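Annotated features, as they stand in TrEMBL:
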- 50-67: transmembrane segment (TRANSMEM)
- 82-99: transmembrane segment (TRANSMEM)
- 145-162: transmembrane segment (TRANSMEM)
- 169-187: transmembrane segment (TRANSMEM)
- 199-221: transmembrane segment (TRANSMEM)
- 233-254: transmembrane segment (TRANSMEM)
- 260-283: transmembrane segment (TRANSMEM)
Amino acid sequence: MAVSLEEDVRVNSEKAVESLKPWAFSWRFNTPLDLIELGQAGDNSSRARVGIWTIVNIVSTVAIIFTNKSIFVNESFGNCQIAFASYHFFITGLTLWMASRPWCGVFTAKRVPVHQTLHLAVLMCLQVILQNFSLAYSSVIFHQLVRLLLTPLTALLNYLLYRATIARASILPLIVLCSGVGTISYYDALPKSDGKVTASSKGAVFAFTGVVASALYTAFVGRYHRKFEISSVQLLLNQAPMSAAILLCVVPFAETLPATAVLSTSLYVSILASGILACLVNLSQFIIIDAVGPVSSTVIGHLKTCIIVGLGWALSDRPISRGSLVGIVMALTGMTLYV
């Protein structure tokens, strides 16, 4: 019997790790620190808390994109995406480890044998690194809009791997979305009046391969939830330290870290801010998913996409072509119709 995309793709996508993009987990609302105490449904204070965490999530998600972009355009740190990904995995693992401690009590850790999750950790490393390279070699707008292809590609993989079907009403929005991304990809690859391109060939390759890796991860992670009867937060706690260790072993052979003497104070601040923002993105996303559900959180995710694209446009030092603008509108329209 075929499984609908509503049940198998969208829910699994909410439970899987994106982009760098934020992760959905199951939380327990009985922490002694009352970090995520939401109260009874309909209570004004609980709605206020959810509203505050929603604002935190939106601001931190948007901020981390532009913070990371500012780090990657720095010549002294532009080729350290692997080390940077390891740093983020370490921060994520540390955050989840503290959340699982008895004195915090947000969730209970559950161990999974390393040999059964090693390949998943490698795939997780790959998709995060490719996203970092995409952000380093292309514009924020191009990077963010290509990430929208994660939904249709995940749907395709779920059909190929698990024979999961897609509702007919979802086909047209996905076609519009893909057409929009294709349009902006074409026009961003054309030289501008100053001879430069918004999206380099390297940036395009990294962006599209990053989406493929993310879709594979998304498709596989749902299977692991069912196989081990484990939540996303428990699975990520097993993966994050492993991923950080894997990348640390790769760094000496693949990258040359800049001398600390050439790093400016502002760059150190940006790197520290990126780690803090990553923690806020994770924490707030966890709370939102359990407070409002995966469908409503998807709408919040689309709002963040619109804000990032809008700010990327406003902060761009080069005018956006009419063709690129048409592509942006098509992609965002397809995304909105798909909700």
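Cβ coordinates are placed from backbone N, Cα and C, and glycine is handled just like the others.
Unlike curated entries, TrEMBL annotations are predicted automatically.
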Residue numbers, six or more beyond the limits of the transmembrane segment (233-254), whose CB comes under 8 Å of its CB atoms: 17, 23, 25-27, 82-83, 85-87, 89-90, 92-93, 96-97, 99-100, 107-112, 114, 117-118, 120-122, 124-125, 128-129, 221, 224-225, 286
Tertiary contacts of the transmembrane segment (82-99), as residues 6+ beyond its ends and Cβ separation under 8 Å: 20, 68, 71, 106-107, 109, 125, 128-129, 132, 233, 236-237, 240-241, 243-244, 247-248, 250-251, 254-255, 257, 271, 274-275, 278-279, 282-283
